[in-house]
Number of protein chains: 4
Amino acid sequence: MGSTWGNTIKISIFGESHGTGIGVVIDGFPSGVAYDEAFVLREMERRAPGRNKQSTARKEPDRPEIQSGIYNGKTTGTPICAVIRNTNQRSNDYAELAAQPRPGHADYTGMLRYDSCNDPRGGGHFSGRLTAPLVFAGALCKLWLKEQGVTVGSHIQSIAQIQDMPFDDVEVTAEQLDTLRNAEYPVNNPRALEAMLAAIEEAREEQDSVGGVIECAAVGLPAGIGSPMLDSVESRLSSILFGVPAVKGVEFGAGFAFAALRGSHANDPFYEENGVVKTETNNNGGILGGITSGMPLIVRACIKPTPSIGMVQDTLNIRTGKVEPLSIHGRHDPCIVTRAAPVVEAACAVALADLLKEAKGYHA
Amino acid sequence: MGSTWGNTIKISIFGESHGTGIGVVIDGFPSGVAYDEAFVLREMERRAPGRNKQSTARKEPDRPEIQSGIYNGKTTGTPICAVIRNTNQRSNDYAELAAQPRPGHADYTGMLRYDSCNDPRGGGHFSGRLTAPLVFAGALCKLWLKEQGVTVGSHIQSIAQIQDMPFDDVEVTAEQLDTLRNAEYPVNNPRALEAMLAAIEEAREEQDSVGGVIECAAVGLPAGIGSPMLDSVESRLSSILFGVPAVKGVEFGAGFAFAALRGSHANDPFYEENGVVKTETNNNGGILGGITSGMPLIVRACIKPTPSIGMVQDTLNIRTGKVEPLSIHGRHDPCIVTRAAPVVEAACAVALADLLKEAKGYHA
Amino acid sequence: MGSTWGNTIKISIFGESHGTGIGVVIDGFPSGVAYDEAFVLREMERRAPGRNKQSTARKEPDRPEIQSGIYNGKTTGTPICAVIRNTNQRSNDYAELAAQPRPGHADYTGMLRYDSCNDPRGGGHFSGRLTAPLVFAGALCKLWLKEQGVTVGSHIQSIAQIQDMPFDDVEVTAEQLDTLRNAEYPVNNPRALEAMLAAIEEAREEQDSVGGVIECAAVGLPAGIGSPMLDSVESRLSSILFGVPAVKGVEFGAGFAFAALRGSHANDPFYEENGVVKTETNNNGGILGGITSGMPLIVRACIKPTPSIGMVQDTLNIRTGKVEPLSIHGRHDPCIVTRAAPVVEAACAVALADLLKEAKGYHA
Amino acid sequence: MGSTWGNTIKISIFGESHGTGIGVVIDGFPSGVAYDEAFVLREMERRAPGRNKQSTARKEPDRPEIQSGIYNGKTTGTPICAVIRNTNQRSNDYAELAAQPRPGHADYTGMLRYDSCNDPRGGGHFSGRLTAPLVFAGALCKLWLKEQGVTVGSHIQSIAQIQDMPFDDVEVTAEQLDTLRNAEYPVNNPRALEAMLAAIEEAREEQDSVGGVIECAAVGLPAGIGSPMLDSVESRLSSILFGVPAVKGVEFGAGFAFAALRGSHANDPFYEENGVVKTETNNNGGILGGITSGMPLIVRACIKPTPSIGMVQDTLNIRTGKVEPLSIHGRHDPCIVTRAAPVVEAACAVALADLLKEAKGYHA
């Protein structure tokens, strides 16, 4: 419920964009996992704003202060808490928004949901900044998954209408995913990247924004994880992915393209190689009947264009009851897709770690 | 977990395709809701096979036997259980499948998950037949939602590559949804329907199958329902929708099309009409920040082509370790999309009823 | 929530005393457990009314009809559903109760909770009859626990004020628990049993009732099961035990007697025997810090006297607003403690199986 | 699971006794509740060590640093996080304990549960210090419950074998509970208090410890809260109470004394007064059929004697495999019952707030 998610590994995210601190409690995390701080900070850095021209100019350190759950360099198995201080708020940027709920944002629905008591500054608990603790949790889960032979990675599938080369859903490797993780922009095709960056720049100049799609893969997952009927691997992954602000679509394998396929092409025939059962194609994205098949897991999430744009929008002033022009000042990304890759990965890593721990028990 | 789903209204689905009975327990359903048996049976009938040429020839009554939870024509508030007897199994149709797990099906992953102990006949617990109890639960939820002013309905958005006219995401009405519910095929554009039926017929003749997309809408939902961050309305809906066999993609509002939009076009500006706050467009599909906005909720689910096809497929025989031809006999729909509309609606109705009860408490 | 309970093994109980049927869905039960029908029916029989002079004269077969989840004599791993038909209702016995909610019963609170829509006949969903599906679920869990080396058993610790010899909390064995399970009355001391039966008979003659205490033990549990802080083994067991109608107290090990002990006597010192760590005493009832220690688990539940008594009670008539005499007709046990032992065991077995599966994962 | 608890209000407790910080995230807390800091700090202070001669000499400020969820002096409705820094650890006190797991403590079971990776210093996550964040959460819940007309309070029912005057389970008032909350020791009978303090002092001198019982009451609860069968008010309260370290028994109303009562005395007859339905007696402790009756809720929790005692104990050295003398140095309370009252109240307040929010919905 709310900002708490998971079954055998449960995360509870807290914080508001301009409050004292944000963070996460991770309950049920396996004990004895080596805490690789450099890796975790690198993951945080991938998501952080201000890294490059495409993202907002805010520069916050986003350094997680570990309160508990790590001892002698290893996870204890009892709850891990990390707090990230908020240090660089400019709340006055948001002053006028109270009267004019921003289109595409949660200002209006949040007000109704919380009887106007929620913190509106910078989007409060709805802020994209709240994905920082999710990335922290995801980084820890990746450390454990790595010990279990599982690698999670992603690339930008598209920005605006420019498509990257998709993953080879049969052959994608851990090495490829690791390489993408270390790239400034996780894009397979350099020319697509150029065009994407140009599209972002164009949107910025017009004080507008663009959206895109992240494609995420997990390799090394054992077959046989997940449960029918209502607790499929797809159910778990989509449930947390749709918790990421701005995600409005989630698909697995061929996804919506299945609608145009015939069964004879959509089905993935089985074969055996060195005693391992595989499928020749992987339209099902590594999941059959809600259970992992051992093939690479492929999931895509659509990220809507940043709703905060400088361009004037005509929208309701709830004090006057009239539609009036609104221009959102402040520092906003013309495209959050470049920063969304580590967030989508983190959500997937948390969900897969939760599923794997459920399958393997306490001492996996 | 597993086949249990929900928070304040919890459903627990049981049964195997060729076992004694299938059914559902609904725990936490509001008390005092009039049980409209005719409506419930009509909903069951919409999903049932054998209704028309497009669907499989099996003809089972699918009559839910109420065990509990309804008294004096009203729901009691204590658990409702309905059992549907399995009466028309032909298990021998499935004999050869044990050696050759069907491509696109859960035969192989189910075997791993359950140590080869699960009932393989007719797909067992993975069978599409298990959507019958979900439709029962959804019908009950629709009855309560109707009392609360909420109507859930759907149409076939596409089959093969033939598109129906989408819902007007701002103007769609309860009447329109009710009309679609009573149609033989819920399609807005009669010409699209003709083309869809032809495509299905063509697939049947070639012993192949086709997929499609269901678009579902809910109107009358109060604004302010749902919770950030990880328990968004999208999270809840997608979680149950991905529990429906064959669903491989879920999107809300503009969905994946957001990836190609600019923020200036994607944002839905607010205005006020007769004291009610609305948005001029509804690209966000009635959900902002994971919370209902009061606009129509729009969700689409992609249904993959029926994996059971008569056409020969070359696939692994796990006894011989060799790839061998497989031809699936038995009665199978060349297209389950026509029967999927009430199932998608049911999943949405269950999720929305659960959310609404959480918002309103015991005595809503 | 409601009548649904559990984490990795989830039970969902349904039914009303005088409705069509009662039963349970068990979701997440391990696959491949041999279904010993004779054992299950014997457990059901232990709880069933009408077995002897001490219990009510109703005689219902209480035969669980398996709907799903058992195939080729083994559990499938997918949901198990059992339905027990109600065949022997005499609803007219309860006619007058609508106006005069029975003292000590849920008639009044149930009416408030469910807006007077719940089925009042025979207590409806609040009836002790609903413990029959719990015993069914418990019997299945005992079958799996037995495969895992765990035995759950109990005896009547007291009825009225007559005390049985308590379990030796260090030395109690699986054999002893099995013997008690097969006894007509599970009492260690035959003289205590005689006195108990006499006390029950005396209460019956005076149209009154008596209560008592069940002591339950589990041996063979691995050490290291359960979790601090808020999910202790005690938390799980008490949560389900307080779901059993008439249970008003639960204690572990020395329980309330701890209040009179000094730490120096209460602490259980460790020693090692043949490489196994044990404690010399077992005041903590096999649980330290919410986690099993490997010593026998000891828990006691207090059962209040049957609130249905023939003796006249002066109590409110809600129609007149006046206190008026009430005499409860019908067939009621003067003591349900004799039938409560298998129910308490069942609750413990379900909770322990759930904990063990969480610890061991899917394929335990 | 683990240290996460609750349904509509969910708490997630983190921290180790000698780690960086401890604290709690409260998710789902109602919005708009005025944050009375003085009240919260007073509640924290009631639990804090070092307040008087009876408790340990450690003196830590236990000041909760609010990270999120409170804005403009009110709760926002989004997650509240409070962190309490650990400032006064003396880890060397615990050095020798690694080899000799302390009897009555979780040292041994924690080691098994967490593969020896958990933080052992000061008991780590098992420490009684972890009740501080629970008291914080309870204080917030009390603030909301007060707005709803509900007061939770407690007294020390017994220490060693000295009994306080129990609550009048029919007449206990909010005023009485408020008075007890502000007393140095919440005891009704001053002479009993004197004897209790003497017993504690005697135990201290002998380097031993004593246990006791806390009786907690809630008045003003609406009737009709809670659910049969497995989600009774007793289930919820006991589940969290058994999460409090050292609690080994929980009972409601007459509790274990029911075992010695006849039904004719145990039943609570109804009557009506000024249109309100009441019971003449309240042996059921304000709960019938798992649902609140509107009468005062009465619950008692047994607290075992502090297992940390200075007196020599002969217990296993796991390195040598031999039983050896152990004397626990460090600062330990000879009796934690005096500090347990606010903790038991807090656990009850959290459970009741959770139940009440579920009953009333978002905007209660």
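Yeah, the Cβs are placed from backbone N, Cα and C, and that goes for glycine too.
Unlike curated entries, TrEMBL annotations are predicted automatically.
The NADP(+) binding site annotation in TrEMBL covers D:ARG47, D:LYS53. Under a cutoff of 8 A between CB atoms, and with a sequence separation of 6+ in the same chain, the neighbours of D:ARG47 (NADP(+) binding site) are D:ASP62, D:THR131, D:ALA132, D:VAL135, D:ARG339, D:PRO342, D:VAL343.
Mapped onto three states, the DSSP output places D:SER127 (FMN binding site) in coil. There are 23 other Cβ atoms within 10 Å of the Cβ belonging to D:SER127 (FMN binding site). Taken from TrEMBL, the feature FMN binding site applies to D:HIS125, D:PHE126, D:SER127, D:GLY289, D:LYS304, D:PRO305, D:THR306, D:PRO307, D:SER308, D:ARG331.
Sequence annotations record features per position, and here TrEMBL assigns region 'Disordered' to D:46-73.
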Per DSSP, three-state class assigned to D:ARG47 (NADP(+) binding site): helix
Maximum Cα-Cα separation in Å among residues D:HIS125, D:PHE126, D:SER127, D:GLY289, D:LYS304, D:PRO305, D:THR306, D:PRO307, D:SER308, D:ARG331, which the record lists as binding FMN: 45
Check each of the binding-site residues D:ARG47, D:HIS125, D:SER127 and report back the ones whose Cβ is under 8 Å from some Cβ of chain C. D:HIS125
Which of the three DSSP-derived classes (helix, strand, coil) applies to D:SER308 (FMN binding site)? coil
Within 10 angstroms of the C-beta of D:THR306 (FMN binding site), what count of other C-beta atoms is obtained when all protein chains are considered? 26
Chain A contacts among the binding-site residues D:HIS125, D:SER127, D:LYS304, D:SER308 (Cβ under 8 Å): D:HIS125
